[in-house]
Structures are given as structure tokens and as C-alpha cells.
Amino acid sequence: MTASPISVIASANRLVAKVGSSLVTNEGRGLDRAAVAHWAAQIAALHKQGRQVVLVSSGAIAEGMARLGWRKRPSVMHELQAAAAVGQMGLCQAYEAAFAEHGLRTAQILLTHEDLADRHRYLNARSTLFALLRMGVVPIVNENDTVVTDEIRLGDNDTLGALVTNLIEADSLIILTDQRGLYEADPRKNPDARFISHAQAGDTALEAMAGGAGSGVGTGGMLTKILAAKRAAHSGAHTVIASGRERNVLTRLAQGECIGTELQATLPVWSARKQWMADHLRLRGRLVLDEGAVQALLNEGKSLLPIGVTEVQGDFERGDVVACVDASGRECARGLVNYASADARRIMRHPSSEITQILGSMTAPELMHRDNLVITE
């Protein structure tokens, strides 16, 4: 007799659970208090098992619209931000009351891309989250919609869930949605689409199946979840994408039951510092490399020398994070640059021995040192 597979969540001591808007709101009529209480009860059960849980929850804008009496989602950014500000009050109150029923305290954490892009703020957020977890508090995380603009948005709570997973070095990321998990095609369009129960995070076939980087929605909005799992895998975290409509899905996963799609972390695990560099979603520029430089980075573990750079794109300063791309524009690495863009343009295609002659001085022989870059291919 073959034993049933055990969910990767069963052994997770620290995990991040992301709950989408449809799982905490009442069809556009604000928060569903019963649903909020349901999630609180499950997380409380995990706490009793000695597990640490961070909850990434949507729902602020929907709650704000309900409180303001708006039936139609506004298109003006400042009105959306106002709705988020109003709704965050209700979201926090609902979770605070629900967790209090189980003797647990909650904390609100609102993050922006700039919080995570700045190294000092990143470390402060990390330390605060660790402190809350040690205290037995349940952190409830959301993007700070009240202050962000389209240019600096994290983008979605799937991405935020992965970033928080990396931030606290969680063992697992659980992305709860209104679908069963991943399919080989959109099940809403193809009822015969095959369900995927297990796969490897970072499998390029999954991204292609979901429509690729330019597809927008992809198969049922799954592309962002696949990319989030890939991001989380680089800190060693497994990801489960499952339906939040499943009864007691969190506690059942923790008991070892296989629900949804498991994406196992088989990618190289990055150090915390390299994870921070990789998690930059807003890059300051790009360096286009020749084939020799690409191979030196990918296969030889070398630093990036100016002679291997054929083009400098964007305006950036020394110490900014920029991407390294091949001639086709595909990113292969990213990291901290030793020279501002103006100087990088002057020394590109030149050997390091000529840097002093060109610039008058030499900060470093490399444009990007191998200790300050991370392979992202």
C-alpha cells in the first residue's frame, strides 16, 4: 500500500498566509466578518501548535468603499487611496476582534516598495516582524495603498506575500485564492484542463503555461502567483496555491493534507543580502552585456567588468541596484553598481586598466563585484 503524500506545510514552523479580497469581502459590500473570524480561528489553531504565522490580507479598499457608500470602484488614484485609508480602519478592527476571541493580539504592518528597497528600512521592518513573532503577536500585512503611486507599487499581494516570506525567512508561503490551484489551461475556458498538484517553483514551463511575462491576467490570474512562488523559493520557502473556499484549508495543510498545488523550492537559496538585492522591483537602470560577460557571470562566478558592457540604460548613482541583461534584453543578474551611469557609459567596452586614464581615478576595477550581484536567470 502506497502512503499518501504529505503536504510541505506540515513541517513549516514559520509561514506566511496570503488571503485575497474575494475571501474576506462580501461581494462588494465590505468585509465579511464571518470569513475574517474563520481565518482568525485557523491561524489561532496553528499558533497553539507552536507555529508562527504572518497574514497578508487584502480587503481595505473594498471595506472603505462600503463605509463611504460607494458602489463603483473609483478610477482616480486619490479616491482609491482615500478608500484604502478608511478601509484599513475596518480591516484592523475586524481582525483585532476576531483574534481577541482566541486570546491573540494583532499588529498592523503597512509596507511600500520604498520600505523594502531602502536597506536600513528593510532591516528595520525585518527586525520589527521578528520581534512581533517572538511576542506571539499575529502581524497583518498589507501594502500601504494610501501613499503609494502606480510607479512605486509592489503590484499585488501575491508579490507582497513572497517578499514578506523572504523578509522573515519563512518556511512556507500559502497563497489562498478562489480557485483550486494551478491548471495547464484556464479552467473557466477549458473545463478539461488538467490540474497540477505538484511542480517545482521556478519551472519556466509554468510561466509559459500561464501566458508569460506580458500576458496580464494569464490563466485565471495565476501568473503572479507562479512568480511569487519563484521569488519565495530563493529563500528556501515552499509555496502552496490553494482554494480559500476549502473548509479549514490552513489547518488541514498543517496536518499534512495535500490541498491545491504545491510548488517546491528547488532553486538556489540566496543569502539575506542577495535576497534583498533580488527583491528590488524598481531597478534604476540596465547594463547590456556581451555574450562573454553573460557567460562569465552565469558559469564562472566572475565580477562584471566594464569591457563586457555594450550599453548603459537609465540614470543611476553608485550603489544603486541595476539589472544585467543579454543582447535580447533577458535579465541574467542584478546588483549594486560601483559607478554612476554617466561614468559607466564612459568606461564601458574598456579594460579596467584604462579606468583611471578615462575618469581620473578608479573606484573599483569592476562595474559590479560578484559579492554584490545575484544571478536571476
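Each residue, glycine too, has its Cβ placed from N, Cα and C.
Sequence-distant contacts of Lys18 (ATP binding site), defined by Cβ-Cβ distance under 8 angstroms and a gap of at least six in the same chain, are Val56, Ser57, Asn157, Asp158, Leu160, Gly161, Leu173, Ile174, Ile175, Leu176. The ATP binding site annotation in Swiss-Prot covers Lys18, Thr177, Asp178, Thr219, Gly220, Gly221, Met222, Leu223, Thr224, Lys225.
The feature substrate binding site is assigned by Swiss-Prot to Ser58, Asp145, Asn157, with sequence analysis given as support. Mapped onto three states, the DSSP output places Ser58 (substrate binding site) in coil. Of all Cβ atoms in the protein chains displayed, 22 besides its own lie within 10 Å of the Cβ of Ser58 (substrate binding site).
According to Swiss-Prot, the feature domain 'PUA' maps to 284-362, an assignment based on sequence analysis.
It is 15 Å from the Cα atom of Thr224 (ATP binding site) to that of Ser58 (substrate binding site). In terms of local Cβ density within 10 Å, Asn157 ranks first among the binding-site residues Asn157, Thr224. For the binding-site residues Asp145, Asp178, the greatest number of Cβ atoms within 10 Å around a candidate Cβ is found at Asp145. Apart from Ser58, Asp145, Asn157, the residues listed for substrate, the same chain places the Cβ atoms of Ser21, Ser57, Gly59, Ala60, Ile61, Asn142, Glu143, Asp156, Leu160 within 8 Å of the centroid of those Cβ atoms. The Cβ of Met222 (ATP binding site) lies under 8 Å from the Cβ of Gln179, Leu182, Tyr183, Ala210, Ile241, each of these being in the same chain and 6 or more residues away along the sequence.
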